[in-house]
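Visitor: Below you will find the structure I want to go over with you.
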Amino acid sequence: MPSEQHTNIKVAVRVRPYNVREMEQKQRSIIKVMDRSAILFDPDEEDDEFFFQGAKQPYRDITKRMNKKLTMEFDRVFDIDNSNQDLFEECTAPLVDSVLNGYNCSVFVYGATGAGKTFTMLGSEAHPGLTFLTMRDLFDKIQAQSDVRKFDVGVTYLEVYNEHVMNLLTKTGPLKLREDSNGVVVSGLCLTPIYSAEELLKMLMLGNSHRTQHPTDANAESSRSHAIFQVHIRITERKTDTKRTVKLSMIDLAGSERAASTKGIGVRFKEGASINKSLLALGNCINKLADGLKHIPYRDSNLTRILKDSLGGNCRTLMVANVSMSSLTYEDTYNTLKYASRAKKIRTTLKQNVLKSKMPTEFYVKKIDEVVAENERLKERNKALEAKANQLERAGSNGFDPKELKSWYSKIDAVYAAARQLQEHVLGMRSKIKNINYRQTLKNELEEFRKLMCVDQRVCQEDYRRFANYISTLTSQMEKYKEELPAWLSKMESAYQNLESLKREVNKSKAYQILIVYVKYKDLELQLTKQNIFNSHVNAINQELVENLDLMRKSFRAACEVLNQTYDRLEDGQKLTPEIEAVFERLHRKMRFADSEANTKMAVMDTLVVPQELCSGQEQEEQSCSLTASAKKRQRQAAHSDDDLHLSMEEFDSQDTESDTEDLHLTFKRPRNLNETQVLGPPQQQ
């Protein structure tokens, strides 16, 4: 069952500043804001002081009535300096959370005509009102909860004009009111679905354009009807399919007015009488509810029938009483504060709106069975843990003290942690030295190729200067690591000695059988750390090699294309000499596929899967320029032997890496074929 809450209507009072007419007439202030929750109505005026023979004399104007000097307390009082944003953050923002938790909520503004009700509720373009701010916050929170909840939102916008209920969105009416089990319902009213805050605000602007407004002497933009904007939301929990229907009402009441102040005649006089009638009925309902009477005369007006849920039903209600600080509206301000003070005493009963789920009975039976099975599984696990705990206690009673074992474990962890940290630092430093050395070797080879291909000596010298600076930087880094390495090696050897000393102590301890297992586990952990560092080092070397080989392969291909085109042009221009033909023939023989690597290549292909990217890349690299006659001739000759399409480096001497790279670099020699994927043997242990 949904939990019930008893709460009072929350009442806030907002004081507006003087308007132009009031400032011109220099009216006195009848409202004094004491603090955030109290005001003083009709305070004393500062009279002129009268002195006789140097003494202040008591003075009282017998023609002037006594000031009321009434102190009234409310939930919140907003002075003339507070904005609509302040009112929203403190009063209506918490209502949005209540709506999403399944509670009906209402906000209505009450006060005399010209007191600022419509500005508070609707605002302006520069200063949005409560309706705009509340709806924007509502949709922001709906969007944030869309992953766990499904929201269906619909709106209605009504006005009560001369006791007739009209639909502001469709400009139709009058509509009839009826009551059913869900409360007061407007016959023939349909919800308009919306899916974003922008759509909601457009409908709000459309309804405001249809609302009845006429100027009076008391207010140039006087609202002649009561406006009720309602948002109906159906909330569905995605996991449990539980549904809730909630309603948020934003109500802008027309102001009570006196015919003497508005100077209304004809239609305006009839409108004012109707407004006063509905507000009088609302005041009577507030008085009856505050007194705790059972019979509440909601049927005296269509306005009170619509507000029945907001005043005394299942709803969390906020009443904003708008008042003017000018003495021109003395009676209206006093009546407004009196009704607001009475409304503070109204208590409502809240409960969450939860609809029954449409899930079949089998769904809940299955859920109950799952919970029971989970409970049994946890009980069995608890029994097993208790048995294990008892076993450990018995082991402690047989000579193994748990506290002593805990101290041993802490000591072993500390020694191995220090050794692991030093090992990581030393091996990491060695890896950096070898990586830098290997990078220098590759960059030197690449620089030799650049020198062979360079034509402009000035550009070549500039490139070499940058290359020399880069190599110098690498060398200084490597020398720095080499200088620091001996000290760290000494620390690591000391840590290993501590490990050996710890193992000897473990062998002599009483709990040797238990501790030796833990020590072996720590040894494996240390070896795993070393292996991980080794793998990272190999990956770094391999990445460096792949990047350089890719650059050299592209450079070699471009050089072959240039040589090929040069040969064709010399042959077409009949400038091909026997010496040049001999050089090209010798180069062609060196590039032929060697018989000695045929068996190796077939064995490699049995276990090697060539990456798809390399295959597709080789197929797409075709000549875009037209071939000369000699080029086509050589292409036909190459078609007879697939060996000519491969590049072999057998006759060239393979340059090994420098001696100080030791075992790891022996694996990464330059491949025999730059266009061929090679299989690397397992690294040798030091």
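Placement of Cβ uses the backbone N, Cα and C atoms for every residue, glycine included.
Owing to the predicted nature of the structure, the values given are computational and were not obtained by experimental measurement.
Take a look at what TrEMBL says about it:
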DOMAIN    8-346  domain 'Kinesin motor'
BINDING   GLY111, ALA112, THR113, GLY114, ALA115, GLY116, LYS117, THR118  ATP binding site
COILED    368-395  coiled coil
REGION    626-686  region 'Disordered'
COMPBIAS  639-649  compositional bias 'Basic and acidic residues'
COMPBIAS  650-661  compositional bias 'Acidic residues'
COMPBIAS  674-686  compositional bias 'Polar residues'
Visitor: When the number of other CB atoms within 10 A of each residue's CB is tallied over all shown chains, which of the binding-site residues THR113, THR118 has the maximum?
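Guide: Of THR113, THR118, the one with the most crowded Cβ is THR118.
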Visitor: Where does the mean pLDDT land for the domain 'Kinesin motor' (8-346)?
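Guide: Mean pLDDT across the domain 'Kinesin motor' (8-346) comes out at 81.
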Visitor: Let me check the 10 A CB neighbour count of GLY116 (ATP binding site). How many other CB atoms are there?
Guide: 21
Visitor: Which number gives the other C-beta atoms within 10 angstroms of the C-beta of GLY111 (ATP binding site), all protein chains shown included?
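Guide: A 10 Å sphere around the Cβ of GLY111 (ATP binding site) contains 30 other Cβ atoms.
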Visitor: Which residues in the same chain, at least 6 apart in sequence, have a Cβ under 8 Å from the Cβ of ALA115 (ATP binding site)?
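Guide: Result: ARG16, GLY255, ASN322, VAL323, SER324, THR329, ASP332, THR333, THR336.
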Visitor: Counting every protein chain present, what is the number of Cβ atoms, excluding its own, within 10 Å of the Cβ of GLY114 (ATP binding site)?
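Guide: Neighbour count, Cβ to Cβ under the 10 Å cut-off: 28.
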